[in-house]
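Everything below concerns the one structure shown next.
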């Protein structure tokens, strides 16, 4: 409980550290702290020392590892970011389904002290992962930031009425960058301006309601199965089923979310995944045998994987890559209170009512409520109030890539160069007119069925006798 509490509660502090020092140093420190907590836990002599080592110290290290890994995805990826999020999120169910049997093996072979020591060594691999997260060069980082913001403004769901403002701001900045450069502002350690984004407010409220009921079924599932007469080994296997299905559900959902016709509406796909998860909880509340519980685990694993793959992709789409580090810290802080309220309250209700059916109905209803709130609020409060997009000077579609930015800059440079060499340009135009007249005379002499002759001169086109191509070549 302490580890999970710090995992969520230290979100803003981790955001401040990432904004101040970068992702790689924070992740290296987090890996060292998480490993040190497990290693020191192997030398403890009482439960209080375990609270401080395996709970507080390891929880602090895991919190410092979690956010940089997500922020780096937003830095490295743009168009394929949903798939990258899905693949990265798949690592969680892989180890969720494998660490429980591994823990039993370590306990039997080496005892609990040896198990903590080996787990500390495994957590040192977080430092290896952090070391390979090399930061982008400053020039490339600026280009990537501009490309991502422009792409998200055009392609993402126009949440909070900010997409049109983002497009117009990008165009105005691009026009006026030669005339006047704005003074650089100091880097904010934690950007609270995201609370002015209505989309972020809607997302935060729906995520708070979601967390109240999302983690309740997996926590109580094993005890629920035991109460229905399922043996202990088979009851524990239910969690492995959820983890195994979750491994494939997250990347698959990331691929679907990355489709061109799905990605602009990824918030609605996230709402559907929450609705699917909540209805699964409600429909499985009356499962009274092992077969029914296995069916529940299959559908819960699919819906739970969809939620896990989309939750941070939707947040990136709402606030953009530049403000994501601050947004995720504040969201995790708000979710910490929901984590403290949801599962413990469900446990108290089970103790009081001696009935798991009511708990599954309650948890499913909370998840369904969060889905309906996100979908309805996004449609009514955001899409209904958006303005018509401003006309763009650059009509090319699918913008946002670095290649298109470079091409536009080259085009501007060519136009500027042409403006400074008007006499030469007018001379070229005169040559083009003369070439057109010569080609016209030559075509009349050949007739309609005539063939091209080698002696027609350089004025004629050499490939297919296309005079238009010749004119373009000569003028260029």
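Keep in mind that glycine also has a Cβ here, set from the backbone N, Cα and C atoms.
Between the listed ranges 140-162, 163-185, 324-346, TrEMBL ties the annotation transmembrane segment to 324-346. Residues 110-133 are the range that TrEMBL records as transmembrane segment, among 110-133, 398-421. Beyond its flanks by at least six residues, the transmembrane segment (25-43) meets 14, 17-18, 49-50, 53-65, 67-69, 113-117, 119-121, 123-131, 133 of its own chain at Cβ-Cβ distances under 8 Å.
Among the listed stretches 50-77, 237-259, 293-312, the one sharing the most Cβ pairs under 8 Å with the transmembrane segment (324-346) is 50-77. Beyond the ends of the signal peptide (1-15), by six or more residues, the same chain brings 26, 51, 54-56, 58-60, 62-64, 66-68, 190, 325-326, 328-333, 335-336, 339-340 to within a C-beta distance below 8 angstroms of the stretch. Per-residue pLDDT, averaged along the domain 'Major facilitator superfamily (MFS) profile' (1-382), amounts to 81 for this model. For the transmembrane segment (293-312), same-chain residues at least 6 beyond its ends with a Cβ under 8 Å from one of its own Cβ atoms are 70, 82, 85-86, 89, 92-93, 207, 210, 214, 217-218, 221, 224-225, 228, 230, 238-239, 241-254, 257, 266, 269-270, 273-274, 276-277, 280-281, 283-284, 287, 328.
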